[in-house]
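Below is one structure, written out as structure tokens; comments come after it.
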């Protein structure tokens with residue numbers, strides 16, 4: 001925002017008059033009881049307006065005055081000055097607030113503010129005794145978009161010291177609503193619940209000899225990424241001094257992350273926003289790592305998780321959700337992670353599948369594509385469905401009507417997606433597929449994710465139907481791409497996220513975003529904001545391409561190191577793949593078929609010594625070949 005010369009002159013005039021009136025000569029007019037004459041407006045939750053003609057400031061309700069300011073659409077030029085003769089340390093003056101005699105016009109073409117000559121400008125005064133109070137007040141009264149679209153305000157705040165607050169000097173809880181904090185803590189727990197849901201879902205889709213490894217990766221991935229998020233991930237994504245593409249290390253190891261208003265919303269503190277977004281980082285990596293199914297080694301996968309989160313996820317999250325990011329400033333709409341979570345994870349999974357190569361027996365009858373445990377798939381779907389309420393509704397970052405609307409459209413899209421996928425499958429085999437319904441539910445949830453805080457309920461039906469159908473047909477892309485995407489991660493998450501981003505350009509409504517009371521967007525095509533489609537395409541393509549190419553580079557580096565450090569080899573050997581990743585890498589099994597084979601063998605020997613149940617190679621059906629069935633029973637541990 002730029003101000004013309006008249007505006008700056010008027011600003012300086014008001015500032016000079018205000019500071020002069022606020023500081024009468026102490027020798028000529030002593031003020032023994034100045035606290036009574038000029039109370040601490042911040043402590044009383046009030047602020048006032050003056051035209052400089054009186055030493056006293058008229059108090060008013062801060063919410064009403066700020067809403068009046070925002071309704072006019074005038075940005076405030078905020079500048080800190082010393083309050084002379086006042087017991088408080090800071091006086092903040094925001095100039096440019098119109099009086100009844102002031103006419104303000106906004107040039108839509110140049111997006112500039114013009115003030116007619118002869119108008120009297122009022123000054124808006126804020127009194128604070130500490131920098132921390134100033135930061136919290138500005139963040140709590142001016143919405144994040146309004147605040148960060150004011151370059152002068154942003155520059156002032158960026159130069160202020162960041163400590164996160166001192167609980168020994170003040171009650172840090174007074175700046176936030178307990179209901180918002182409670183809702184966000186619950187949403188954090190719900191997103192965490194999604195992670196074992198992904199593990200169960202992937203485990204059920206895989207063959208049983210690799211089922212446990214996928215569950216193990218989901219929980220171990222959470223541990224690795226949580227440490228990365230504490231170490232520097234949160235700072236790289238959501239630091240207050242971030243650049244357009246990546247954050248700074250101001251909050252390295254969560255230094256200064258406490259009660260300061262979060263960079264995304266003034267409704268919750270930094271620390272709460274940190275743990276909530278940490279769950280987003282975890283679920284994103286867990287979604288992508290399913291690409292290792294049945295042939296990937298564990299240690300390289302763990303190293304990949306840490307590096308990928310740092311280089312890929314943190315960057316995309318920064319430019320999408322951080323107010324300094326280029327997508328955010330451009331005007332891209334992504335409420336809960338269409339690009340940072342789903343497109344990024346789907347494209348990463350595609351790249352990982354390419355780098356690993358196809359599974360042994362791919363394309364032949366030797367490889368059985370049937371899920372080994374549909375019950376696991378249903379359990380995983382239920383966990384994901386429930387957790388997605390915290391994922392989408394929690395992205396409102398407060399307990400408000402926008403969160404309620406996000407919950408409604410999330411559930412509706414999931415239902416429509418499940419029905420659509422099921423119907424598409426039914427036309428082929430005349431069977432009602434449980435796996436198909438669960439896959440459709442996930443597809444609908446993925447599609448609604450970027451638009452859940454922007455679209456009305458009727459649009460959620462479109463998201464579910466289009467998302468379910470698109471993801472169903474996208475499962476055939478792996479044959480066209482000649483890639484063994486074992487769990488169809490690219491089809492469901494990358495394609496579903498892309499569909500959701502594009503539909504948001506059409507159906508985003510300004511009145512839905514305003515349900516939280518602080519957000520304002522131009523909307524999508526429903527509001528005749530045609531350029532929004534371009535913004536969504538730019539966001540989707542850039543995020544997907546960056547994730548795919550970046551993943552290829554990371555894995556190529558690991559594979560190169562694996563030639564010299566064997567434990568870093570990405571792929572298991574053919575023999576290890578035959579035995580199963582559970583046996584080779586974990587040393588445990590999802591199902592105890594070893595014990596079952598022992599019992600069968602014992603019964604055979606007690607019966608008639610028959611060995612008919614043996615296979616040609618001397619092993620029992622379903623028994624890992626690492627188990628030597630020729631050993632006597634006495635040598636077997638119970």
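Each Cβ is built from the backbone N, Cα and C atoms, and glycine gets one as well.
Whatever TrEMBL says is automated annotation, not expert-curated.
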Of the ranges 328-352, 578-602, 603-627, which one does TrEMBL list as transmembrane segment? 328-352
According to TrEMBL, transmembrane segment applies to one of these ranges: 267-289, 520-542. Which one is it? 267-289
Residues from the same chain, set at least six apart from the ends of the transmembrane segment (403-424), whose C-beta lies under 8 A from its own: 183, 335-336, 385, 388-389, 392-396, 432-433, 436-445, 447-448, 451-453, 455-457, 459-461, 463-465, 467-469, 471-473, 512, 515-516
Quick one: do the transmembrane segment (214-232) and the transmembrane segment (301-322) have at least 3 Cβ pairs under 8 Å, skipping pairs fewer than 6 apart in sequence? yes
Recorded stretch, among 181-202, 267-289, 301-322, maximising Cβ pairs under 8 Å relative to the transmembrane segment (373-391): 181-202
Are there three or more C-beta pairs under 8 angstroms joining the transmembrane segment (545-566) and the transmembrane segment (301-322), sequence spacing 6 or more? yes
Quick test of the contact rule: Cβ under 8 Å, at least six residues beyond the ends. What residues does that give for the transmembrane segment (455-474)? 405, 408-410, 412-421, 424-425, 436, 439-440, 443-444, 446-448, 488, 490-492, 495-496, 499-500, 503-504, 507-509, 512
